[in-house]
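Trainee: Just lifted these from Swiss-Prot, have a look:
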ACT_SITE  LYS35  active site, proton acceptor
MOD_RES   LYS35  N6-(pyridoxal phosphate)lysine
BINDING   ARG130, MET305  substrate binding site
ACT_SITE  TYR253  active site, proton acceptor
Amino acid sequence: MPRPIHAVIHQPALANNLDIIRGKAPESRIWAVVKANAYGHGIRRVFAALRGADGFGLLDLNEAVLLRDLGWQGPILLLEGFFQPQDVAVIEQYRLTTAIHCDEQLRMLESARAKGPLAIQLKLNTGMNRLGFHPAAYRTAWERARAMPCVGSIVHMTHFSDADSARGVAHQIEAFDAATANLPGEASLSNSAAVLWHPQAHRAWVRPGIILYGASPTGRDADIAGTGLQPAMSLHSELISVQDLQPGDTVGYGSLFTAERPMRIGVVACGYADGYPRHASGWGEQRAPVLVDGVRTELVGRVSMDMLCVDLTPCPKARVGSPVTLWGQGLPIDEVAQASGTVGYELMCALAPRVPTSVATITASDSAAPAVA
């Protein structure tokens, strides 16, 4: 028998989250962002649930080709554009939309001799200072793109740096509107946080990412409470050992946890080689939460490569074989991430290939049935 650890990708949750996003931005078309292999969920696993989107956004040409192989005929956006002149031929062959964010990409496009018409999204740097043309150079970049015979539609695009914070998006919208004034073309501004909290930024296209998968753009689950968003990934395992500790006994490498009273702990078949964060806290004031037999408890000690330990005080009936939820439905991934000094995005993307993953599928009655993927 294999180790009991396994992950589940919940297609009904993905479809639910897409519906909620549609309700938040009813006048906008949706790029479902599936970069990083759908934030670790797997493009193959999420495709059926997200094909109601208007397009898919990603980074990798191979992932774009995979979507075409899965039967997707709609738009696919390369969010970082292309990296070599020869990529333009692949973009043309597979009918991809590409971002253009720098002079080098414009030069490559000019020299590629594509037949077109190519759909491009010209990226404006409104303050993120990562990718995009500065406002003073944007109109010139647009005119260069417009003059290329291979270029068809041009969408104006930017990315928000503070849509999930008190600073907000007003300053970036102002810069965007000033730089694109009197230029024809649709606009795409909103990331997940702007979809939820800044309707003035929705425009023609929105680009939700993390909220498709049921986690919070801020890293705080409380911030999406009441939205109806559901976690699309659950990570489960079982107890493989139970230990009885006496006061003064320590747990794990570095002896970071010391028992202050007689207590039982459980050993879970999950470690950092499975994608669980080694820096998850099992000592001090904020210990990482875990569910054992559906009961909330906490980590004790340091996470090892293949195992971690949990306090069984709240779970007196727990024994070897008791089910454990590391994150997912019933335990928000953002809570685990907060206790690990990171964000839910990272935990999703870090799920290790060695973890068997199944799919809870969408059936005709909208009920979930597990299927291995």
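Glycine is treated like the rest: Cβ placed from N, Cα and C.
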Trainee: Whole-number Å distance between the CA of MET305 (substrate binding site) and the CA of TYR253 (active site, proton acceptor)?
Mentor: 11
Trainee: Could you state the whole-number distance in Å separating the C-alpha atoms of LYS35 (active site, proton acceptor) and ARG130 (substrate binding site)?
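Mentor: Each residue's Cα considered, LYS35 (active site, proton acceptor) and ARG130 (substrate binding site) end up 17 Å apart.
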Trainee: Helix, strand or coil by DSSP: which one applies to TYR253 (active site, proton acceptor)?
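Mentor: Looking at the DSSP assignment, TYR253 (active site, proton acceptor) belongs to a helix.
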Trainee: State the Cα to Cα distance, in Å, between TYR253 (active site, proton acceptor) and ARG130 (substrate binding site), rounded to an integer.
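Mentor: If we compare the Cα positions of TYR253 (active site, proton acceptor) and ARG130 (substrate binding site), the gap is 40 Å.
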Trainee: Please work out which residue of LYS35, ARG130 has the most C-beta neighbours within 10 angstroms of its C-beta, and give that one of the recorded positions.
Mentor: LYS35
Trainee: Where does LYS35 (active site, proton acceptor) sit by DSSP, helix, strand or coil?
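Mentor: DSSP call for LYS35 (active site, proton acceptor): helix.
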